[in-house]
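One structure is given below, encoded as structure tokens.
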């Protein structure tokens, strides 16, 4: 059965079409439908996939719970998908929550005591767990036990509860914010990387089939190369391009139709959107190419510091548009060329190597 695309009207006001986070509840439901169910269907992340194949197979042979898994990397790369795949491959249930939701120790205790043997507990944004909840988690991860306080005042007493063996899968975009005691309790740690164009083209082709969309190989490649190395963005662009092709290109997504659709959406051939160009232009025009501190840059473009660091910068740094230096952000030669500008003959402040041959 074909999966119905969400309508343009379902999107919030002025979302970034290249945002790596979901932009609507409708999109989240479509993501679930497009999500691969098994490791053999999972495209990309070869190192993480190969490691998980071995660790899962070994755990199943022993009849044990898989060791606790930490998945970290930029948003939209498949951390939630991998958590679901782990549960599927282990043949167990997955319980899903997030760090901000677990406000009190009792919230976590209720989840842990309801887990069946070898189940998977997935905590997204695990770096946002409160310290008091995190303390409850330590003995649960090490000994499959928790201590809960019953009663109040002088009559209160601590009771130790045994838990079924389980696997915690934690996901975070900010691995550096994890406390050392929590990080040390994960036996399997996998960093997810941005995808290359060929991998994304395979994802786009698979998703197009599930969406009952007619796409050519060069059409899939055109969508993939503008998707910023992120499957979530690739699937979102695909749905918008499908809408365009149905109205303007007889329903066929080829390279020309994809290119025209994405140009209409203001996504350039390198996958940069208005916000990316706004940041790069601010560094070049307002700060002479940098270096500029992130707080000054945030004020200049009217964005939060966290938005710049977590959402805009990772892709720009990964692809050589920005360089982080001890003195701040600096535009690279790639940025000047992308903006159609001539870089200064010599950069000051120790950044001359950015423009040297």
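Glycine is no exception: its Cβ is also placed from the backbone N, Cα and C atoms.
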Inquiry  = Using only what Swiss-Prot says about ATP binding by 34, 35, 76, 79, 80, 81, 142, 143, 144, 185, 195, identify which of 228, 232, 236, 239 is listed for that site too.
reply    = 232
Message = What are the sequence-distant neighbours of residue 142 (ATP binding site), meaning same chain, six or more residues apart, C-beta distance under 8 angstroms?
response = 185
Message = Restricting to the region 'Head domain (RuvB-H)' (269-357), what is the model's mean pLDDT?
response = 82
Message = Given the binding-site residues 305, 324, 329, find the one whose Cα is closest in space to the Cα of residue 195 (ATP binding site).
response = 324
Request  = List only the single closest residue to residue 329 (DNA binding site), chosen from the binding-site residues 34, 76, 80, 144 by CA-CA distance.
outcome  = 76
Note = CA pair residue 305 (DNA binding site) / residue 80 (ATP binding site), Å rounded to integer, equals 25
